[in-house]
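So that you can see what the record holds, here are the features copied from Swiss-Prot:
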type	residues	note
ACT_SITE	ASP89	active site, proton acceptor
BINDING	ASP89, SER90, GLY91, GLY92, PHE93, ASP143, GLN187, GLY214	substrate binding site
REGION	245-251	region 'RNA binding'
ACT_SITE	ASP264	active site, nucleophile
REGION	269-273	region 'RNA binding'
BINDING	CYS302, CYS304, CYS307, HIS333	Zn(2+) binding site
Amino acid sequence: MEYQLLKTDGQARRGRLVFDRGVVETPAFMPVGTYGTVKGMTPEEVKETGAQILLGNTFHLWLRPGQAVMKLHGDLHDFMQWHGPILTDSGGFQVFSLGDIRKITEEGVYFRNPINGDTIFLSPEKSMEIQYDLGSDIVMIFDECTSYPSDWDYAKQSMEMSLRWAARSRQRFDELGNHNALFGIIQGSVYEDLRDVSVKRLVEIGFDGYAVGGLAVGEPKADMHRILAHLCPQIPADKPRYLMGVGKPEDLVEGVRRGIDMFDCVMPTRNARNGHLFVTDGVVKIRNARYKDDVAPLDAECDCYTCRNYSRAYLHHLDRCNEILGARLNTIHNLRYYQRLMAGLRQAIDEGKLEHFVGEFYRRTGKPAPPLVVELHNNEGI
């Protein structure tokens, strides 16, 4: 993998990731394909939304179908028939999310298999081996996602163990002769001094990119923005920066403004299945009765298959009837919305007009702008 930094606008970066399997324009949003599928979508449909890279889930694909089945097909690309780049998480977030059915030790994590109840063990070394078999274009180190709230002492202990796991991940990755990319994950909760230690030591170990973990786990938005603004300038400029598990459209905008290059989140697909649709002027909750006889397209400014062919009334009808097609059409639209948002951010950075784009985004969606954005716009007369 090669990262090319093409342009900057303030802290925002316009770049390009070059893989053997294709090019990814950044800032980029990665749809989530937890089980080897973006729910309800064929790979061709996902590609048509503008997505250039997907995220897969190491933990779930390890449990089912397992490494043996994956290797029979070649790798995850062959298994799911997506031949663009794939990033896989390491399983570390499952440490965070499984709660009471886990036990964290220095060597790794013991889980109770949520499928059959068996006790299983996942270590940094095992995570690297699974991701090697998956053929991941971007491999993530194995870490612990520190919960929120955590006091400083616990956050320090967790961050330091994640650093030891990072070194073990790096060693096993190299032993396997893996020629793909390996990303480090910066931890430290909402404490700037801990984040400083984490990023410094990860850079000393050396990785192909750096992810910001442990955010969007319940902390106030102001803390997320503060940590990103503090942290991004410390990440080497020639390496991509990935904000894990984020997020809402406004989170993508604010992440880009602070120097983030890559994002992933289940929000566009999960919300689509619940009738919560993102549009240029905000949100359409398609289940509401007001859309029963609305013949307008979902979003007149959107070029997706759904908006080009169907009315709000039809989407409302499908949702009320619990038709599978409704969830699919909603998903197509939400994923396209996210890709259009990222394309708009890229163009704005290219043209040196990011702050104008940000101002228009908040004006059109009717969301309150974070204080920093308000201050900038007031100064610039936007």
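Yeah, the Cβs are placed from backbone N, Cα and C, and that goes for glycine too.
This view paints the features noted in Swiss-Prot onto the structure.
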| residue | record | Cβ contacts under 8 Å, 6 or more apart |
| --- | --- | --- |
| ASP89 | active site, proton acceptor | LEU55, GLY56, ASN57, THR58, PHE59, MET140, MET244 |
| GLY92 | substrate binding site | SER127, MET140, ILE141, PHE142, ASP143, GLU144, CYS145, SER162, ILE185, GLY213 |
| PHE93 | substrate binding site | PHE59, CYS145, MET244, GLY245 |
| GLN187 | substrate binding site | ASP143, GLU144, CYS145, THR146, ALA155, SER158, MET159, SER162, LEU194, ARG195, SER198, GLY213, GLY214 |
| CYS302 | Zn(2+) binding site | VAL279, THR280, HIS333, ARG336, TYR337, ARG340 |
| CYS304 | Zn(2+) binding site | THR49, ILE332, HIS333, ARG336, TYR337 |
| CYS307 | Zn(2+) binding site | PRO297, LEU298, ASP299, ALA300, HIS333 |
Span of the substrate site, taken as the largest CA to CA distance across ASP89, SER90, GLY91, GLY92, PHE93, ASP143, GLN187, GLY214 (Å, rounded to a whole number): 15
Mean of pLDDT values spanning the region 'RNA binding' (245-251): 96
Three-state secondary structure, which DSSP defines for GLN187 (substrate binding site): coil
Nonlocal residues around the residue listed as 'active site, nucleophile', in sequence order (Cβ under 8 Å, 6 or more apart): PHE29, MET30, PRO31, VAL32, LEU55, LEU87, TYR242, MET244, GLY245, VAL246
Candidate with sparsest Cβ neighbourhood (10 Å radius) among GLY91, ASP143, the listed binding-site residues: GLY91
Long-range Cβ environment of SER90 (substrate binding site), under 8 Å and at least 6 residues apart: THR58, SER127, GLN131, VAL139, MET140, ILE141, PHE142, ASP143, SER169, ILE185
Cβ neighbour count within 10 Å of GLY214 (substrate binding site): 33
Local Cβ density at HIS333 (Zn(2+) binding site) - other Cβ atoms counted within 10 Å: 28
Near-site residues: Zn(2+), ref CYS302, CYS304, CYS307, HIS333, CB cutoff 8 A to centroid: PRO297, LEU298, ASP299, ASP303, TYR305, THR306, ARG308, ILE332, ARG336, TYR337
